[in-house]
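Quick notes on the structure that follows.
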């Protein structure tokens, strides 16, 4: 039997079981847990390689082979870190396993044929496209920024650069909802829109859901009163949608305890749980300890650095239409910015107590930095807290799975769309992101939407090959013509689909049905279901989890930063 050195094998086919990779310039290392390919029967495309007629490529017709195969991919997902081939058929993941020609190769479960395109996954890390659940739809260009960061699904609300949208993720009422659905239909990214949930009677909520809202947002700027919360959750239970809440910073309609009482035992998604983004001051962070609350962070406070506090005041004044000349407005802003709770947020993420990461796009958060900041936090926590339980000195697999779940599967579960997106699993949309390990989490090598390339770094168009400088991200064919409709999905409530909204508005994108939002809890948050008892000192803002103070130093230096953005 012929042999090949481990180094030569990795260079040719990518890492295999037991090999380790460093993620970007962090101190995080993954180790390959399993290899689904067959040694000696790997498929690879190119001159003198395997995927040729009668060798790795079979003779079958279109219906019997996959449309796209990603060869020798290193999959990083909440369920594992494995080496495999990925087959794509009709825009969805057909299989994860061994690709090739079953006529001449053993163990083939993904058939490569004349109709199959090849994406070279050798040496690449593949993740599911990110799901950002806190989008202020201030400008349509956010879609490009999100896609080029590795995010493929936007959930939020708004109507453009107006006061209501600058402050809240709300698309209010039937007319606004329909116009925005018509607008986002043209974007090459998956979209779901929130209606306004700040209503104390049910009729105005039902009509928004029937008009196309995939969920409702309660926000203090519109009134996050106990009556509105109670009513909104009643309608959510009735119509199977999720409720997102930015609670009452000023405690005008009630304190934290009144909000928890209004919520009862019903599930709700709490945004920026730390509080700098808004919510009961100073104790909204206690919601991390509630079994029916799905806690999330937005990225402006993540991770805690020496600059975090200083930049927040001005951002907050702009986003919430506050006047720096009015003392009460300044006091409102200052009440939300607390070093102690910001520091505790990092630790709660590392413990798996905060389940979701999101952006708060152009409304204090940065739409293109959800993934970067997630991994910066993971790195900071490894350096400050050491090896996570379940990990060892050789790999950080458990920590890596915990953090990738925060922006992929958990937000998808929270909003009833995990049957379509959020992980690299059979049957789901082939929204996949390929990374060179050195650029992991920072700059994708390819962003695929429903199996077709949507964005990629591309060199001089007049060059003889694709790579000469200047290289920058450009939209690819999934963003053009009718293909963009087949490559993206609009998420709608079941009620709006039954009411015929896609047909009435002539929506051309794929339609995804929101379901299963009301029978979940914190326990449903994969790798991030820890529910500690949170104590907060209202005078010093000290945070304790199960009696242990949560204290960490601000970072003075971060990975995945300036060295990646010189050009």
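Residue numbers in this text run from 1 along the chain shown.
Every residue, even glycine, has its Cβ placed from backbone N, Cα and C.
Counting every protein chain shown, 21 other Cβ atoms lie within 10 Å of the Cβ of residue 320 (active site, proton donor). Marked as active site, proton donor by Swiss-Prot: 320.
Here Swiss-Prot flags 134, 136, 217, 360 as Ni(2+) 1 binding site, drawing on sequence analysis. For residue 217 (Ni(2+) 1 binding site), the same-chain residues that are 6 or more apart in sequence and have a Cβ closer than 8 Å to its Cβ are 157, 168, 169, 170, 194, 195, 196, 197, 243, 244, 245, 246.
Per Swiss-Prot, the feature Ni(2+) 2 binding site maps to 217, 246, 272; the stated evidence is sequence analysis. Annotation note: residue 217 (Ni(2+) 1 binding site) sits in a strand segment as assigned by DSSP.
According to Swiss-Prot, the substrate binding site annotation covers 219. Just so you know, the Cβ of residue 219 (substrate binding site) picks up 25 other Cβ atoms within 10 Å once every protein chain is counted.
According to Swiss-Prot, the domain 'Urease' annotation covers 129-567.
If you look up Swiss-Prot, you'll see 217 marked as N6-carboxylysine.
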Cβ neighbours within the same chain of residue 360 (Ni(2+) 1 binding site) - under 8 Å, at least six residues apart: 134, 136, 271, 272, 277, 298, 299, 300
CB contacts for residue 136 (Ni(2+) 1 binding site) [other CB atoms within 10 A, all chains]: 27
Environment of 134, 136, 217, 360, the listed Ni(2+) 1 site - residues of the same chain whose CB lies within 8 A of the CB centroid: 133, 135, 156, 157, 168, 169, 246, 271, 298, 358, 359, 361, 363, 365
Residue 219 (substrate binding site) and residue 320 (active site, proton donor), Cα-Cα, nearest whole angstrom: 11
Binding-site residues listed as 134, 246, 272, least Cβ neighbours within 10 Å: 246
CB-centroid shell, 8 A cutoff, Ni(2+) 2 site 217, 246, 272, site residues removed: 134, 168, 169, 218, 219, 244, 245, 247, 270, 271, 277, 278, 279
